[in-house]
Structure formats: C-alpha cells, structure tokens
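Visitor: So that we are looking at the same thing, I have put the structure below in structure tokens.
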Amino acid sequence: MRGSGPRGAGRRRTQGRGGGGDTPRVPASLAGCYSAPLKGPLWTCLLLCAALRTLLASPSNEVNLLDSRTVLGDLGWIAFPKNGWEEIGEVDENYAPIHTYQVCKVMEQNQNNWLLTSWISNEGASRIFIELKFTLRDCNSLPGGLGTCKETFNMYYFESDDENGRNIKDNQYIKIDTIAADESFTELDLGDRVMKLNTEVRDVGPLSKKGFYLAFQDVGACIALVSVRVYYKKCPSVVRHLAVFPDTITGADSSQLLEVSGSCVNHSVTDDPPKMHCSAEGEWLVPIGKCMCKAGYEEKNGTCQVCRPGFFKASPHSQTCSKCPPHSYTHEEASTSCVCEKDYFRRESDPPTMACTRPPSAPRNAISNVNETSVFLEWIPPADTGGGKDVSYYILCKKCNSHAGVCEECGGHVRYLPQQIGLKNTSVMMADPLAHTNYTFEIEAVNGVSDLSPGTRQYVSVNVTTNQAAPSPVTNVKKGKIAKNSISLSWQEPDRPNGIILEYEIKYFEKDQETSYTIIKSKETTITAEGLKPASVYVFQIRARTAAGYGVFSRRFEFETTPVFGASNDQSQIPIIGVSVTVGVILLAVMIGFLLSGSCCECGCGRASSLCAVAHPSLIWRCGYSKAKQDPEEEKMHFHNGHIKLPGVRTYIDPHTYEDPTQAVHEFGKEIEASCITIERVIGAGEFGEVCSGRLKLPGKRELPVATKTLKVGYTEKQRRDFLSEASIMGQFDHPNIIHLEGVVTKSKPVMIVTEYMENGSLDTFLKKNDGQFTVIQLVGMLRGIAAGMKYLSDMGYVHRDLAARNILINSNLVCKVSDFGLSRVLEDDPEAAYTTRGGKIPIRWTAPEAIAFRKFTSASDVWSYGIVMWEVVSYGERPYWEMTNQDVIKAVEEGYRLPSPMDCPAALYQLMLDCWQKDRNSRPKFDDIVNMLDKLIRNPSSLKTLVNASSRVSTLLAEHGSLGSGAYRSVGEWLEATKMGRYTEIFMENGYSSMDAVAQVTLE
C-alpha cells in the first residue's frame, strides 16, 4: 500500500497492544515505576514493561531482516545530536537485552533529533516491511508544552550497496511516512498503570540495491521507540499435488503474482507441469498441473511410497496400489503387474487389472434333434468357465465311415446357423446334411486364452445318423429353344437327390421385377415358359422335391427372349392372333356357362358351394358341405352352422370343421418359402417343437424380426392337425393386441408357424424381472391392451379358455398381445382337477368355477380369467393363490372367497377384479365394458390414487384354506409364511388377528 513518502513507501497500520479495546494494565510489581518523575526511572520502567509485552513470534511467511527485540549485542545505531534520542539498555527476566530508544524534548522549539540504524541487507527482496512499536505522550497532558509539543515523528530510508556508508546527509534520505500514534497516554493512564502501545507497519519498494538504512526523525514529541522489525514476505516451501514448490520471495508490486514451477517428489513423474503463483501477501494461489506417482508407487501423505508384495500399480494414472487380480501374484516390491498362476493366462491385449483365466471345461449334456433337412444341437454351458465371461463355442463337424471307423471334416457342404465359430448361443442348426450319413459333432467351449493353453481341447461329442434328407440344389441348367415369347430349359438331377424326385418347382420373373414371379411345376427335367415379353431378360430358379420336402432353390440363371422381327413377320402373325382371340372368347363363354349351370359345386369351389345349394336345390346331394380356399378380400354372404352371416361381419371359423387342416391353414394363412426365413437362435420349447427367433425377408418387403414354431420330427397326424389348427385360428385375427401371423411353411420341412417377434417375451416373466418399475398408468395401459384384444376375440365369437399372463406377449413398446390359440383341452379326473394338454397341465386357478364344474366355456369365463390376469399384472407376476392346492382353490372360490388386493392396488382396479369374479357369469362385465372402464381411468389418473385399505385385504385372505387346525401352525406368522403371505403379518396384527383361533373366524362380512 502506497504511503505519503517517495519511491513507493507504503503505509500499514496494525492496532496492537494499547490500541482500541486491547489496553494492558501495568503489573502490580511494577507499580512503583509510575511514582517516579517523568525522566529517569519512570520512563525506563515504562519502556521495560512495553518491551516485555511485545516479544511475539513472526508468521511463517515473513522473514526478518532486523528485529531489535532479538539482537543480543549492541544495535550499533547512531543518534545525533547526542542529546536527542537516548538508548535505554535493560534485560528481561531471562537476562536478554532490551533495546529501547526514547526522546522527550517537548519544552524546546525546533527539535530535529535523528536516529540512524545500521546497514540492513534486503537478502534479494525487492519489497520490505517496517513494523514499529512505540508509545507517545498526549501533549495536552504535559503542562507548559502545548506550543512546542508534537505527537508525530518521521521515518526515512536510504538505499546503499555499502554497509559502511553511513555519512549521509539529511536531504539524501527518502521519506517513508509521518508516523502518528493511534493512542497516546496521559498522567491518568500512569496512575491506573495502563500502558498504550502503538503498532504501525509501512512497506517500501521496489528496492534496487543490496541493502538500506533507516532513519527516525523527532521534531518535538515525547516518544519511546520500543521495537523495530524489518522483514520481507515469502511464499513458504510447500508440497502440493506431489510437487515441491521452494521458498519464493514475493514481488515488488502489491498486486503481482509470481509464477513458480514445482519439481516432482521422488518416484513421481509429471502429468501436467506443476505450477503455482506466489501472491504479494506470501500466499500460494492458482495451482496448475500435478505430478503422479510412477508405476509401482502410490501416494501417501504427499510422498510416493512403494507398492507392497502382492500389490501392483500398472500406470501412473492409477491412484493406489491394487491387490493382484484373481489367479495372479507378485513377490516383489514396486510391481507394475502380477504374474499369472500355473495353467492360467492373460492375453496381451488384456489390461494388468484383469484376472488371469484358463480355458473353459467342455460343454455338458449335448443333445441332438435330426429331421430331413437339418440337425439341431443343444447343450449346457461348461461347469467351469475358466474365470471369464467371454465363453463362445466352436462346432467341428466330422463325417464318419461306420465300416472303416475313419472320420474326416465335413467341408463346405454343411451350413451352420447362425455360425460355426464364435457362437454365443448354446444351440446351433446344421443345414443340408447328407442323407444316411454318420456325423460326429464336436462342441468345444473356448475363451480368449484358449489359444495360449498348451493343454488338450475341451469338447463334448455328439454322434448323429441322418435319415432321408431334402434334395440338394439343382446346379446344371441349360437353355433350349428360345423364341420371342418363350424359353425352353433343361437340367440334371441334383447331385444329392436324397430320395426319389417327385417333382421340380420352377420360379421365374422378369429381371428387376422379383416381386412379380410365376411358379411352374414339372415332373420332368425340362420345361417351356411361355407368354414372355420379346427382347426381355428373365431369371429362372429351380428346386426339387422329395418325400422329405423341397430343397433349396438353385442359383439364378438369366436368359433373354428374342426380339420381334420385321413387318412381314408381324403380318404373318395376324392369323395366329385371330385364332388365339377366337379360342379365348370360346373358353370364356364355356366358363361362364359352367358357372351359371351350378357346376361349381362339383368342383368344390369353397364357400360359394353353399350358395349353389340355395340356387339349385337339386344339386345339394352332389355338393355336400365343403370348405375350400376363398379370396380373403372377397366378401360374400355364406352359411355357417345354420346361420346367415351378412357381408363385412367377421366370424371365427373352427378349423377342425375342415377335412384337411392344410386347406384351412392355406385359407387363413400365407405360405412362406423357407428360404425367406433366417433362424438366429432358439428361445424356447413349445408344445410341438422348438420356438426360435429369426428374420423374415419377403421379396419387395423390408426385413422383419419374427418368431417361428417348428413341428418336431416324428410327429403324428393328430399333432400335425393340431399344429396347423393353431395357425388357422391365428390367421383369422387382425388386431393390434392379438399376436400377428406372418405365414406358414408347409411345403418343406420342418413345418413352421411364423409370427411377429415380441422382444420382452411372456408378460408374467417380464413383470417378475421388472418388479415395481412401472407406474400405475403404465400397468393400466397394459391391462387395457389385453382387454381390447379379448374384446376383439369375443366379438368374433372366439373363446380363449386359457387366458393368463404367461400367454400374453409384450414387445419393446410395452404393447401386450394375446397369444396361444392352439391348445385342445380335456377335463380329467385327476386330484388337481386341472385341464391337461399335450404341453402340460393348465392350473385351474385361472378358470371360472362354472368351467371347472360344467365345462361351460364362454366369453364370461374368459372375463373371470381376465380378472386373474389383472391381479397378476398389479402384483408383478405373483402366482395366484400362492402355494394353495388346486382343491383348496376350488373350495375357497365356491365358498365365496376371492384373492386379496395386491399391495398398493388402486381401489378402482380391485373393484373391477371383484366384478370379473362374480359367481353368476351373467353379472360379470363384458370386455366392451372393461375397455370403457379402463379408458376412463386412464383419462382420469387421479381416480387411481385411492388405494385399497389394509382392513379390506384381511377379509379376502382365504384364511381357512391353509389347514388352520389348531395343531397345524403355532402362530399366525408361521401360517402366513407357510402360505407365502408373510408380508401380510403386520396387517393381521393391526386388525386384531393375533391368534389362529381369531384367523379361523374371518369371513367376508
């Protein structure tokens, strides 16, 4: 801070002892000093007291150049004139000298008393501070001195490189400031033994020479200079971010920041060059950069200490030493990595922090499934994965000669779906195996270190013998006669017919118009495609069919028709064209007459045959009741079960009324070529075979994700009918909340049903995995979708019979869709009273009581099941009635008990559940009513905030249906835990049901 003196003299005032509220009292032991006259002992005693009270330590960021309190010998200061400033030399209680100067020439005019210090080295500092501690007498307290007494004195300095250059004239000194006292003492202070000590600080800079002198000028004050301290400020040495910053003298300017570079401590390296800034006040500011302990060392208490054995640090960027990862060790200090144990490995690309692993053991329990066109393999992952998660599988196919006992690798004739190497799934399909061939498939589990292990391969073998397979592709196709409107082709049998060729299927289309193609079938190896455009390129593909099914199409062959010839040739075609037109007209007339005569009945023209019976009663005996293919876009009035259905009203048709299920499936479903489907992985097992996910790419359409159900090998005719019936049922439905049938594959093996793919799988499993993750509105949205789908089925006259959360599929957008339409159900007299299907038992806990007792399945019984589904959704997939037996469930429902409300269930939803569980089926709501109710709840979310209270849950908890005999359970809590209802214990206790006798009395009332 700049003062009034020249060359940057600064003024700082620090109110110390004697200033403000910090006025010390003179000790009683020194009270006698104040009774003496002003001169002599009194003044000396006073100065001693002041000196004894000011021996204080300096701050760590201040370096003293001079402190008169600590000088043991003579100060060497000079006073002139000699009768001016007077040195008082005393010692303290430790016999240390006390240097004090006083002057009190207040009665004489024109005082000019100087006190000069010895030469003071600045030690390289360009800015220094002077701290003065002094006392001053109040002029008003001195009788007779008002005209000559002053209450200030002056301080000067003079720079010099010479420590012996004290012969300085007064005018050569540079004034720093005029010093005034904040407080002065009076005679009263002496009487009260109070001493008022002033502290003033001034700064000077910038300095340019090695040292300087100070001078104090008295002009007529009564003053005692108790101590003089001269110092400079520095930023003290410090360790920050593992960098050492040395003592740094502050700059000359009070606002200057000096940038200082740090040096890294031992065993550390530079990350970003460490820097800090030293402020004028001696404080470190603005740290930049840092050092890091090098590899093998960690930071502790500002130093880098070595990593102990068993620990390592791979990089300076790591913070601390880490314990060696699993299956590795180190016995050295300062380790940067750990060594793998015997038989364990780490890849070069693996970081040192990764655990050492070993190759996995062999896969387990491999099984095979063989059909005419492929081999399916499935297995369980290895018991020992080697410690890693990167297990994949490699399939090695060997073709074996059973007589010679020799095996060779299969080569390229076998295709692996999805792949042979790097397989992540535990299943694979091999396509195009040879018929009647012995294969050995070696399934090897590998991971990232398998190549590093010198040990033997770990694999499981599966031996397979194929039966008759579909034919291999046709490879050799030759063109025959080519005209402007026709192309003749011939070809050879496939290299591997794998049986008797029944026929060939030829597919052709104009180039670049693949979506519009024509199919020709031929029992010979030659065909002629007619009706083609002149001068056009056509693409042909051929495949063969045996009893095992169709093979794959051949590669594409391109042939071009000849161009149209000249005018004469065109004229020659006129008679032919005329004949063709005439023949066409005749054929058209014959067909019209044929239809009008009612002969279509004899040809089995499908639903139109029932119209024939109306128009031509005499033909009824010939037509019978027949169902055949009809254009799905065509809407006609037809008979069904004795009722007339008007055009535009869709009604469910039971596919079992068809003599041939293939006819039904082709009427309601679309045939898809197997080559359009890519199987990716097995996702489950259905009633009739495996369920897989894959991709469907139809010509001219975008690729779709699909799910496929396959008909297992060795199926019976009844199984085939039931399998196709499910597709026939599904194909009749078109609703966003009903699973969509994409098509069927019936012309090749395996027979497949292709549906849309639902990413999240079954609803019950999905809810269990995401327990508590959805809002009430989201749950109601799911229920609304299910209800909308069931309303659609009800409107079509279809009764589902097995509505449960497990039969609801949910996609990635949380859209729920009703599925599982293919089960036939038979009521058996088993102790569980469950419906048995070929896929297993369906528990009766979802089934309405009238359906259990009288086999009355209606839309109303589906509504009961829907209420159970609501309970499953709100409880996030809990099992209805928990662990109660089916007989207990039947008894409880018949006696009027119902499932309790799930926890935190909105009252409106639980009331809807109870409505669905009305014993009288006519009292239950229709699905149309349910959809409307849920729509209202969604539009008014506040109506869902009212929850079912605790006491109402107790009344529906099926108390007496858990063997409540007094000896069965010792406490209510034990009974609730046994029935999987332990979370309701607190509710029972709060409502007074603390004993088994009390629980046994629970009724609906």
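Quick reminder: no glycine exception, Cβ is built from N, Cα and C everywhere.
The region 'Disordered' annotation in Swiss-Prot covers 1-24. The topological domain 'Extracellular' annotation in Swiss-Prot covers 27-575 and rests on sequence analysis. Feature annotation from Swiss-Prot assigns domain 'Fibronectin type-III 2' to 470-564. If you look up Swiss-Prot, you'll see I683, G684, A685, G686, E687, F688, G689, E690, V691, K709 marked as ATP binding site. Annotation comment: Swiss-Prot describes D802 as active site, proton acceptor, evidence class sequence analysis.
Can you tell me where each of these features sits in this structure?
Guide: Per-class residue totals from DSSP over the domain 'Fibronectin type-III 2' (470-564), listed helix then strand then coil: 0 helix, 46 strand, 49 coil.
The Cβ of I683 (ATP binding site) has V691, C692, S693, A707, G761 as same-chain neighbours under 8 Å, each 6 or more residues away in sequence.
Annotation note: D802 (active site, proton acceptor) sits in a coil segment as assigned by DSSP.
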Visitor: If you draw a 10 Å sphere around the Cβ of D802 (active site, proton acceptor), how many other Cβ atoms fall inside it, taking every protein chain shown into account?
Guide: 20
Visitor: Mind checking which of A685, V691 has the fewest other CB atoms within 10 A of its CB? They're the binding-site residues.
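Guide: Lowest Cβ count within 10 Å among the binding-site residues (A685, V691) is A685.
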Visitor: Near the Cβ of G689 (ATP binding site), how many other Cβ atoms are there if near means within 10 Å?
Guide: 23
